[in-house]
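Participant: There's a structure below that I have some questions on.
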Amino acid sequence: MASLDNLVARYQRCFNDQSLKNSTIELEIRFQQINFLLFKTVYEALVAQEIPSTISHSIRCIKKVHHENHCREKILPSENLYFKKQPLMFFKFSEPASLGCKVSLAIEQPIRKFILDSSVLVRLKNRTTFRVSELWKIELTIVKQLMGSEVSAKLTAFKTLLFDTPEQQTTKNMMSLINPDDEYLYEIEIEYTGKPESLTAADIIKIKNTVLTLISPNHLMLTAYHQAIEFIASHILSSEILLARIKSGKWGLKRLLPQVKSMTKADYMKFYPPVGYYITDKADGIRGIAVIQDTQIYVVADQLYSLGTTGIEPLKPTILDGEFMPEKKEFYGFDVIMYEGNLLTQQGFETRIESLSKGIKVLQAFNIKAEMKPFISLTSADPNVLLKNFESIFKKKTRPYSIDGIILVEPGNSYLNTNTFKWKPTWDNTLDFLVRKCPESLNVPEYAPKKGFSLHLLFVGISGELFKKLALNWCPGYTKLFPVTQRNQNYFPVQFQPSDFPLAFLYYHPDTSSFSDIDGKVLEMRCLKREINHVSWEIVKIREDRQQDLKTGGYFGNDFKTAELTWLNYMDPFSFEELAKGPSGMYFAGAKTGIYRAQTALISFIKQEIIQKISHQSWVIDLGIGKGQDLGRYLDAGVRHLVGIDKDQTALAELVYRKFSHATTRQHKHATNIYVLHQDLAEPAKEISEKVHQIYGFPKEGASSIVSNLFIHYLMKNTQQVENLAVLCHKLLQPGGMVWFTTMLGERVLELLHENRIELNEVWEARENEVVKFAIKRLFKEDILQETGQEIGVLLPFSNGDFYNEYLVNTAFLIKIFKHHGFSLVQKQSFKDWIPEFQNFSKSLYKILTEADKTWTSLFGFICLRKN
């Protein structure tokens, strides 16, 4: 790639080159990242300036001959021209705000007529040329490309669409005559038409900025903004690959900085009590980096904010991380990257915080409104002390800003690897959506109109890769709202469709709202109420600061993952009191120890083998799915739609986290669309069935399979519960559908207790190296297995030494009830039968399988039933 000055010099020399005297020499400026919205913005801006313009139609056929582009072009209604186009040099502007701007020097040389063949590329071009001056003309071209069989099949139709519109084409009506859904390309080019010797690099930069300013009046500010981000990145990143992403604009400030994670109960349980952590308040501001660079003082946030200068003498750089209040130009620092030229990113937070206060004082010395956030180091695990610490931060009324949450910072890690968590009250959790008015006449039942309201659809942004891995589909009406060129990009809008509320993207906007015209805008919204298949949304504000971002075609509100993880705070509310006392309802929170490795691997192997039996099925329901321990197995099996049901909201929230973890870190051949339903399975089958059938897209005939791993003992309290379970399975399954249960076998447990003469309230134990590994406490006195209601206490690998009560499963009674409700027994098998297969699967793990492991495993079994 040449420098811009060298390219201009080469251009000027071309006119003195005798070998090029019959050639057309072209110097063009091209913008390579143009979508319909950007194209339309520039077009309408030029029309509004009443610049002289002409419209032309042409068909260019391009044939590759010895790596050269041989062209036949017909500018209607003229004759065909034959020429070859040869590039000589190019220069590409590196700043992201230039939209891939490239200066190209090329020559066109006349050639003989040639014959077209099936390899030809056909480009139909509808071009409007704006003569902005004697030196420059700006060409805006709508292009349709056809190749191979498309040429004969579609050429005539697209000639009509592009050239022979019902209404005569003018610059004022052109944008209304072209349908952006017809898979067009959009090109903006600037061609130099002045005297070659008069051209300078500065002229090129000036006209380039003229066009970019039409797209964004703040283009020059955006360029400075990206340069500031590059400066910050140069002190944070060491990888040239990552720095290149910053320079290209693929990464912005948000991707560069370590992100604060919305904290769930499951997150907190992993490090509760948070001894050693630092806490501070969450201000209702925006993330910003305060920088002293040479003589300039500025903040990089959603844009570049200049705060002043240091005077004539340049200072060594200082870079602080914090929250910024744009209206008051106030900065509140919570971390430091560099202080007076000393890079601090590899130090732990407990060390960096010492330099943070010094950096704040430097800003204050230049009359900048800056302050260090108040931090408390947590030193006690006592819940009462923790409560006082959290209250002193969250309920402090003397702060100069409103507080909407608490930040917890982990010590001991580098700047980029510091884990920072954010807790907010449910009410203060909001999401940013791109809002579009729902197209009319879609005839979609879920889009039913409501009197006094207008239906709008809520969208967020998603990468093409994540869209595929989550097996998402576009909602009805999507293609009417977004042109195909936007849909074909690597990052595009998608309806907000969280796993527990697939129709959360529906928003009924009141006709009486003070927010009148919201179509096409980014709104900050909060959830007021969650009902079956309906969410009541409230508008907090219009994000006016995001409207320019929309024009780039790369921003559509929150990212899908960020939006759904934030949404979890509505699904599983995390109270302020739980910060001190620890999260409530954390069933099976403990971790397994190493002594369970082989036995756990055996159980996992068996569940994997069972789930593989339902591979590639369309709809599968998991009863008691918990936090998704089997999610990876369903993904490996290629299940297309998975409905997970559980009454534990915290577990379901963890499942959603796992959904994204699998999508970003594991490779699966097939994608699975995951739905979760917060539901107590002991409630009436009719009510549960109705909720499942209301899941968007769930088939009327029912699911292919129902799976329940190690859960049904919760539903063996009485006969009514077992009957209810059988009825539920019958209502949810299609004819011929299968039920797959894994469970502890009640008859085998009773046999074990009898063999070891375990009486009421006594405990059977299996020890390993004097450590109790497995244990069952007898909580019933009957000598024979009852149909239901017999309790035992079980010591589980992850229960931290506590016994969990459950009911014995009388499998004969269970099968009897299911047969009564229209099922047939397909298979019943003990887990011990899988041990030989496990030996073949992993000889190394089998070798460390102990007798206690084998005894414990033999207590479990598998039951398969088919709906008649």
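Cβ atoms here come from the backbone N, Cα and C positions, even for glycine.
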Participant: Looking at the S-adenosyl-L-methionine binding annotation from Swiss-Prot, with GLY624, ASP646, LEU710, PHE711, ILE712 already listed, which candidate in LYS607, LYS613, LYS659, LYS700 is the matching residue?
Facilitator: LYS607
Participant: Enter the number of other CB atoms within 10 angstroms of the CB of HIS713 (site 'mRNA cap binding').
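Facilitator: For HIS713 (site 'mRNA cap binding'), the count of other Cβ atoms within 10 Å is 19.
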Participant: Based on the record's binding annotation for S-adenosyl-L-methionine (LYS607, GLY624, ASP646, LEU710, PHE711, ILE712), what whole-number value in Å is the widest Cα to Cα distance?
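Facilitator: Overall maximum Cα spacing for these binding residues reaches 19 Å.
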Participant: When neighbour density is defined as the number of other C-beta atoms within 10 angstroms of a residue's C-beta, which of the binding-site residues LEU710, ILE712 has the lowest density?
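Facilitator: Candidates: the binding-site residues LEU710, ILE712. Fewest Cβ atoms within 10 Å: LEU710.
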Participant: Using Cα coordinates, what distance in whole Å links PHE711 (S-adenosyl-L-methionine binding site) and GLU806 (site 'mRNA cap binding')?
Facilitator: 10
Participant: Indicate the candidate from LYS282, LYS627, ARG658 with the smallest number of other Cβ atoms within 10 Å of its Cβ, considering only these recorded positions.
Facilitator: ARG658
Participant: I'd like to know the mean pLDDT over the domain 'mRNA cap 0 methyltransferase' (594-868).
Facilitator: 93
Participant: Which ones are near HIS713 (site 'mRNA cap binding'): of the recorded positions LYS607, ASP646, GLU806, which have a Cα within 10 Å?
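Facilitator: Final answer, ordered: GLU806.
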Participant: Out of the recorded positions LYS607, ARG658, LEU710, ILE712, give me the one sitting nearest to LYS627 (site 'mRNA cap binding') by CA distance.
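Facilitator: Smallest Cα separation from LYS627 (site 'mRNA cap binding') among LYS607, ARG658, LEU710, ILE712: ARG658.
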Participant: Among the recorded positions listed here (LYS607, ASP646, ARG658, ILE712), which has the Cα closest to the Cα of GLU806 (site 'mRNA cap binding')?
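Facilitator: That would be ILE712, nearest by Cα distance.
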Participant: Check each residue in the chain of ASP646 (S-adenosyl-L-methionine binding site) that is at least six apart in sequence and keep those whose C-beta is under 8 Å from its C-beta; list them in sequence order.
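Facilitator: Long-range Cβ contacts: GLY624, ILE625, GLY626, LEU652, VAL676, LEU677, HIS678, GLN679.
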